[in-house]
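Asker: Quick paste from Swiss-Prot:
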- 4-145: domain 'RNase H type-1' (DOMAIN)
- 13, 51, 73: Mg(2+) 1 binding site (BINDING)
- 13, 137: Mg(2+) 2 binding site (BINDING)
């Protein structure tokens, strides 16, 4: 892919009050000096769905193909995209226990978005002082508190 593509950093986090229960996500996009924050709410969801939707929201906000560094504290999202997804596809969307892959709708949505960009996936430990991850966590928790549905 071309080096002329803009480099965008996306940070995302999901949260759930109960699992399942009301959930939210927070996403921060940074391109140079520009920063954009997104959040969303779902009244009945799971933590993993919110983690996926945080990444999806960030990628959906991009208006043209970009080089993307996507950072999340979700091993589920990070390993899902870097280690597991191709095996799931080969096995007809079955996991290692031969069960249907959870959240297939969101994984497929994420795959379509990733195909438009050059994405590298990065994991950070949650609640460990990573400024952007902490901000995304604040946005996700505020979305739950507000019950807002700005993106979902």
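Glycine residues also receive a Cβ, built from the backbone N, Cα and C atoms like all the rest.
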Asker: List, in sequence order, the same-chain residues at least six positions removed whose CB sits under 8 Å from that of residue 51 (Mg(2+) 1 binding site)?
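Answerer: For residue 51 (Mg(2+) 1 binding site), the qualifying residues are 12, 13, 14, 25, 72, 74, 76, 77.
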Asker: Would you list the DSSP helix, strand and coil counts for the residues of the domain 'RNase H type-1' (4-145)?
Answerer: 56 helix, 47 strand, 39 coil
Asker: How big is the Cα-to-Cα gap, in Å, between residue 73 (Mg(2+) 1 binding site) and residue 137 (Mg(2+) 2 binding site)?
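Answerer: For residue 73 (Mg(2+) 1 binding site) versus residue 137 (Mg(2+) 2 binding site), the Cα atoms are 10 Å apart.
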Asker: Quick one: mean pLDDT on the domain 'RNase H type-1' (4-145)?
Answerer: 96
Asker: Excluding 13, 51, 73 themselves, which residues in that chain have a Cβ inside 8 Å of the centre of the Cβ atoms defining the Mg(2+) 1 site?
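Answerer: Close Cβ neighbours, site residues excluded: 12, 14, 15, 25, 50, 54, 72, 74, 77, 126, 133, 136, 137, 140.
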